Amino acid sequence: MRSITSLILAALAALAMSAGVFAKAPPAAEDCASCHNKDGISEDEDIPIIAGASAFFLENQMLIFKEGARPCAKEEFGEEEHDGIAEDHCDLAKALSEKEITELAAYFAEQPFKSADQKVDEELAGMGAQIHEQRCEKCHSDSGSLALDDAGILAGQWKAYLVRTMQDYKNGDRWQPEKMQPAMEALSEKDIQALAEHYAREGKK
Ligand code: HEC
Ligand code: HEC
């Protein structure tokens, strides 16, 4: 017969699992660390910080890579220090099982977000704040700082990555929600720069 203590321990373990508490990185996270770091906080302006976004959003991105429906980061994967991980991000996602993708998404969603340390152009940030308020805030609340919007984390994200990915959206090179498309298509190159400065400034708050 099981003792009361072991029953309580089993109940606590079940509770921790259901709350999504992962003490340890899943094994597949080893293939992410050379770019996103173990904690999901990348130190390279071309590589997004993935810590603290919602598991739903992160899982979706892996599926979008799997489908080849966003650029595959071939250049970054081609660099010597990442040699042998995969041909590119789309191939990496294809090699992962559904279970691995779910575990990775849950793990990185649990890591605390930390804003990138970057300079801000105040004048452009002011312009970006206005554009954001009018066209983006309804889906990216608090300047895109809330994981529960399931739309990534914009405030504090690397500017270089944000600029590139907004251009990808504008040019139709990355899958996007139908309702975001008109907002992205209407952005000028300067609007994109201004929005990135705004999100960088918001990350410092
Ligand atoms: C060789 C570098 C590299 C490796 C290794 C790598 N990534 Fe990435 N990752 C990137 C780059 C670069 C991007 C941005 C791609 C783009 O331009 O849209 C990215 C984007 C992402 C995104 C989308 C983030 C967003 O905000 O849209 C997720 C999620 C992600 N990676 C998860 C992972 C996971 C999980 C692993 C390990 C299984 C991994 N990555 C391994 C470089 C890498
Ligand atoms: C109708 C709602 C909606 C509007 C309006 C909207 N977005 Fe989004 N946005 C989303 C959703 C949902 C996602 C996540 C898409 C996914 O899961 O691939 C997203 C993703 C993004 C991302 C990618 C984040 C990442 O980490 O890779 C950026 C950047 C972005 N939006 C910028 C903007 C900007 C700038 C505007 C205003 C000009 C805007 N969005 C307007 C809903 C919206």
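In case you wondered, yes, glycine gets a Cβ from its N, Cα and C as well.
For the heme c 2 site, TrEMBL lists Cys136, Cys139, His140; matching the candidates Met62, Met180 against that entry yields Met180.
The Cβ of His140 (heme c 2 binding site) lies under 8 Å from the Cβ of His132, Asp149, Ala151, Leu154, each of these being in the same chain and 6 or more residues away along the sequence. Averaged across the domain 'Cytochrome c' (13-112), pLDDT for the predicted model comes to 91. A Cα-Cα distance of 26 Å separates His36 (heme c 1 binding site) from Met180 (heme c 2 binding site). A distance of 29 Å separates the Cα atom of Met180 (heme c 2 binding site) from that of Cys32 (heme c 1 binding site).
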